[in-house]
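Below: one structure in structure tokens.
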Amino acid sequence: MFGTRGAKRKAAAAAAGAAAGDDREARRAAALKRAVGSLNAQFFAWVSAQQRGADTAHDSWEAGCRDYMRYMRELRAEYADVALEAKAPVDGVAGAADEGAGAKIGAEGQAMTFGTGDFGILGLGDDVDESYLPRTVGALAEVGVTQMVCGGMHTLALTSAGVVYSWGINDEGALGRVANKDVEGSEETPGEVPIASGSTVLKVTAGDSHSIALCADGCVYGWGTYRNSSGPMGFVPGTKVAKAPIVTAGPKASPATDRVVDVASGADHVLALTAGGEVLSWGCPEKGRLGRVSQADSDTQDKDQVKGLLPVTLTPTVVPLGGRRPTAIAAGAFCSFVVCGEDVLAFGLNNYSQLGIELGDGKGVQQEGREKYEPVRVDALSGKGVCTLHGGEHHTLAVTSQGQVLAMGRPTYGRLGRTDVDPESDDPVWAPGVVPGIDGVVAVACGLSTSAAISRDGRCWTWGSNTSMQLGKPKSAPNADDDEITPYQVKGGKRMAGKRVTCVSFGGQHSALVAVDGAAAAD
């Protein structure tokens with residue numbers, strides 16, 4: 001089992017070896033970075049060893065993950081004075097693209113929502129249907145939340161105990177729990193999602209009508225449904241709508257897959273990264289977003305053919321990557337990305353060059369390069385040190401190892417945040433360009449036409465469309481309802497005083513974030 005005394009002793013030795021400079025703060029920051037690096041290296045070595053052992057029990061995997069997180073928390077507590085300055089992934093997560101428009105760093109804090117809250121999607125009660133500034137979700141005020149994810153019209157919150165709460169619209173099972181719309185507060189009040197007994201959830205993602213939970217044992221649970229251009233198409237073969245969580249991938253699934261270590265959601269499709277170095281995809285295949293279904297089968301409108309393909313499209317299946325080994329996955333609403341070292345692969349809809357690939361000749365649906373039905377190398381992103389991405393409806397953000405954000409795709413409403421493109425133009429911008437005015441970024445999030453970024457020290461910026469008050473600007477500001485064509489730093493008013501942001505997510509018309517104690521850096 002990972003987490004022996006040797007693991008911690010080696011991490012401590014690495015920390016001691018780094019403490020050899022003149023400046024105490026710099027020494028401690030370096031010590032923390034070295035300790036985290038050492039612990040991570042040992043954890044990955046343990047994972048590899050476990051992967052080679054066919055008789056490994058699932059509970060030992062969960063125990064190992066718990067040990068890893070416990071040592072990370074101990075390091076964080078021991079080096080609390082320099083944890084932000086160390087630029088090391090103190091909670092074990094360097095930054096992720098959150099899926100279903102979310103991005104997580106990993107720290108326990110307050111669940112907060114803002115924007116337009118029709119049908120209770122803000123979780124703030126019947127009398128609050130909009131909020132310019134982030135407000136604490138009262139029902140979760142005493143619960144330590146580590147991640148927030150917005151679906152199209154529903155919201156998920158993950159606690160430090162690995163419990164998932166959901167609220168919002170439940171018409172197609174997106175909440176994963178019993179919620180009677182005729183009973184006041186049943187849907188709009190956060191309620192616990194009944195994941196399999198004994199399962200600890202590590203990450204959640206969401207799409208328009210589906211929700212996904214990745215557990216410590218490497219299994220993926222999901223609920224809701226996937227939609228194609230004709231309506232609900234199904235969730236798993238034989239089940240059109242899953243109103244409660246069912247296992248969809250991992251060792252306990254049928255058919256079983258390798259253990260899953262990461263997940264990402266588009267509007268109606270899911271990607272999974274396995275411990276064995278494969279990428280799985282399932283859901284709606286339209287426009288090539290699954291990366292493994294032919295153009296003819298992906299875009300067919302023949303109902304009988306669509307039905308006949310459900311065992312292919314709704315079953316998690318390996319995406320061919322040409323021998324490359326994936327290190328990260330990400331999704332846009334209708335497209336997908338896989339990072340393989342220095343290479344970035346993409347597939348799916350590219351009608352506004354959101355894949356970072358220039359469109360060719362032709363117009364409309366006949367335009368060359370409008371869709372990619374199998375993974376292709378994105379030359380404009382490869383070799384740039386891209387470590388994570390996230391996509392919206394028609395645009396994409398990528399984070400580099402240097403903490404810069406690259407943006408590409410549709411420029412309208414200022415969603416790209418770039419000063420070198422016209423925010424009133426609707427011409428595709430295929431070449432990735434740096435978003436100015438932000439630095440040290442570790443995570444990004446995209447909505448339909450909104451964008452956000454979070455820095456290592458807890459600053460949060462938003463930009464793009466503000467029609468639904470999704471940018472977190474105060475109502476008293478003279479431009480409170482205006483779009484932002486360059487990054488705007490979210491301050492959050494009194495409720496966020498002395499707090500930093502660790503997670504942000506966009507839904508169809510609302511936003512959510514996690515705010516933890518510890519002031520973010522000043523401008």
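The backbone N, Cα and C atoms fix where each Cβ goes, and this holds for glycine too.
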What range among 366-385, 466-485 does TrEMBL describe as region 'Disordered'?
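Going through 366-385, 466-485 one by one, TrEMBL flags 466-485 as region 'Disordered'.
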Quick one: DSSP breakdown of the repeat 'RCC1' (458-517) into helix, strand and coil?
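For the repeat 'RCC1' (458-517), the helix, strand and coil counts are 4 helix, 27 strand, 29 coil.
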If you count every Cβ pair below 8 Å, which range out of 109-161, 162-217, 277-342 shares the most with the repeat 'RCC1' (458-517)?
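Top-ranked stretch among 109-161, 162-217, 277-342: 109-161.
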